[in-house]
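Novice: Input: one structure, supplied below.
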């Protein structure tokens, strides 16, 4: 990896937004063109019950998370678990009272699926937002963040710091949900979120379009020395496991947050906030 003590040199490839638009995304009606992700239909936010859930899992329905009632380890649940694991979905145990709340007391049989209720952006949309702002791209890549409160908080910080977009994986990560929307306090409407199948391939494509990729690790450059004035993307790792090893291989430079106290780890959203504003400081100096 090339050593860089100052501003990262721009890659040769042009990062200008592609003229090839995603027609499906473009044609979706939106009352406010500034809103990058809006609810499609509040009435289909959840699928519940065994039969409906099995059909959804076997079909093409985009599912964010599988909720199973704690203590009901029966054959019906085993089928749901097997199907969910096959699709790489997050499975969350919850008490019956929680599931009752999600579906307004309907008969859920201990099974509730949270389905995609928000429109996602494309990678080109993220580049377009940076271009329209007259700025070098500043993207976040979230590697398997599972807690919706973390995602919502990260979106809130991203909006405040002028991040042009967030990229999340389709599998093994929380998606855009009502909880994420609530935690983001409205930021979900202004920060475009792109969902991709393969983060490693996406990172390589971003590098081809001129971005430098930064990751987070215990061993790396002090984030206070980070010069993010170029076209950059910052990867935030999973709450417990950090950045996947395969994805780390695509990173140009690792950043670290120095700690002098007894606790040697930070919540994902807290770490993301520090790093995002580390980049903000160099992009918007006093």
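Note that Cβ sites are derived from N, Cα and C of the backbone, with glycine treated the same way.
The compositional bias 'Basic residues' annotation in TrEMBL covers 1-14. Under the heading region 'Disordered', TrEMBL lists 1-36. Here TrEMBL flags 46-121 as domain 'RNA 2-O ribose methyltransferase substrate binding'.
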Novice: Per DSSP, how many helix, strand and coil residues does the domain 'RNA 2-O ribose methyltransferase substrate binding' (46-121) have?
Specialist: 28 helix, 22 strand, 26 coil
Novice: Find the average pLDDT over the domain 'RNA 2-O ribose methyltransferase substrate binding' (46-121) in the predicted model and report it.
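Specialist: Across the domain 'RNA 2-O ribose methyltransferase substrate binding' (46-121), the average pLDDT comes out at 87.
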